[in-house]
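Heads up: the structure comes next, in structure tokens.
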């Protein structure tokens with residue numbers, strides 16, 4: 001029986017994780033559920049799952065949850081704040097931690113799980129984007145097991161030999177005959193929209209993803225392809241890939257979730273229904289496979305598969321992320337912070353869709369002019385740079401309004 005902490009239990013990844021647990025009750029049990037602010041959803045989850053711990057990142061939300069749970073799940077201990085998130089990520093009785101808190105907020109609890117030597121099911125891409133080498137070094141130092149949940153990284157993982165799967169972050173692709181990794185992305189809902197029309201895009205249009213069901217932040221990132229940019233940075237760290245070994249391909253149907261090209265001319269691809277329960281189930285049961293409750297892909301119904309080069313004029317955020325990836329850790333940390341601020345402003349109708357890239361670029365330029373990667377060599381310095389980048393992004397926002 002594998003015991004789980006789920007960080008981000010009220011989100012879409014949390015829901016898919018619980019779907020896999022429900023499908024395999026003899027294999028998995030829930031120790032702790034954690035979320036940010038959604039008390040109503042957390043009450044429903046605690047009523048159903050009766051976890052030992054329920055944690056809210058927001059302390060006021062934790063107090064509200066505590067009074068709600070007194071009658072429906074009295075044995076559940078309610079905790080609040082970032083320290084509490086870190087505590088349930090490092091509990092001795094926990095085997096695996098699903099790290100699915102969106103954004104920079106997920107970094108500290110994910111790192112706590114790593115330092116406790118847990119099996120870390122990594123759905124929070126920002127942890128690697130923000131802390132890269134520090135994160136990879138901590139995984140090795142503390143004997144944690146890192147398994148990628150993101151559908152693309154999970155697809156790549158499945159197409160790699162076992163020696164690479166068990167040495168993520170420090171593997172040598174060339175040694176194993178791998179020539180390149182092809183990271184696929186749908187191109188989002190605006191891949192055929194006239195570029196001149198993009199500045200009129202509304203939040204409602206941007207969060208309507210054609211293939212995947214995701215939260216609002218990730219849906220907007222998919223529309224700008226910043227999501228693919230962050231995944232590119234994550235792939236660079238997970239698979240220790242050089243720039244020439246990592247390519248982004250637009251694949252509108254989202255049937256192939258990514259591919260690996262080998263030296264002998266072979267290309268291995270992972271296919272499946274666009275359902276996050278599949279990669280989640282693999283990380284939970286690796287190296288075995290369990291029933292994820294996902295209908296099998298009917299390949300006769302797929303029709304044609306299309307592959308295109310990304311157009312950086314349409315997706316400037318993707319280009320910013322790829323360039324930041326090889327500029328250094330200071331650049332990716334700053335870009336991630338700026339993007340979180342810009343997307344939040346867009347979702348709240350305070351910023352235009354095409355201005356997201358402009359804010360991101362302005363912050364990136366300002367930080368790279370004053371910082372180098374060697375300036376960010378500790379978790380504390382990364383968190384300070386993240387804070388500084390957000391402040392600069394907010395200043396640029398005020399100037400625009």
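Each residue, glycine too, has its Cβ placed from N, Cα and C.
What Swiss-Prot lists as NADPH binding site is 10, 11, 12, 13, 38, 124, 126, 215. Annotation comment: Swiss-Prot describes 125, 151, 152, 186, 209, 222, 227, 228, 231 as 1-deoxy-D-xylulose 5-phosphate binding site. Annotation source Swiss-Prot lists Mn(2+) binding site at 150, 152, 231, citing sequence analysis.
Excluding 150, 152, 231, which define the Mn(2+) site, the same chain contributes 125, 148, 151, 153, 154, 183, 227, 228, 234, 235, 258 within 8 Å (Cβ to the Cβ centroid), listed in sequence order.
The 10 Å shell around the Cβ of residue 152 (1-deoxy-D-xylulose 5-phosphate binding site) contains 27 further Cβ atoms across the protein chains shown.
Between the alpha carbons (Cα) of residue 38 (NADPH binding site) and residue 227 (1-deoxy-D-xylulose 5-phosphate binding site) lies a span of roughly 24 Å. The two recorded residues, residue 11 (NADPH binding site) and residue 150 (Mn(2+) binding site), have Cα atoms 14 Å apart. Highest Cβ count within 10 Å among the binding-site residues 126, 150, 231: 231. In this structure, the CA atom of residue 227 (1-deoxy-D-xylulose 5-phosphate binding site) is 16 Å away from the CA atom of residue 12 (NADPH binding site). Over all protein chains present, the Cβ of residue 227 (1-deoxy-D-xylulose 5-phosphate binding site) has 27 other Cβ atoms lying within 10 Å. Taking CA atoms as the reference points, residue 126 (NADPH binding site) and residue 152 (1-deoxy-D-xylulose 5-phosphate binding site) are 15 Å apart.
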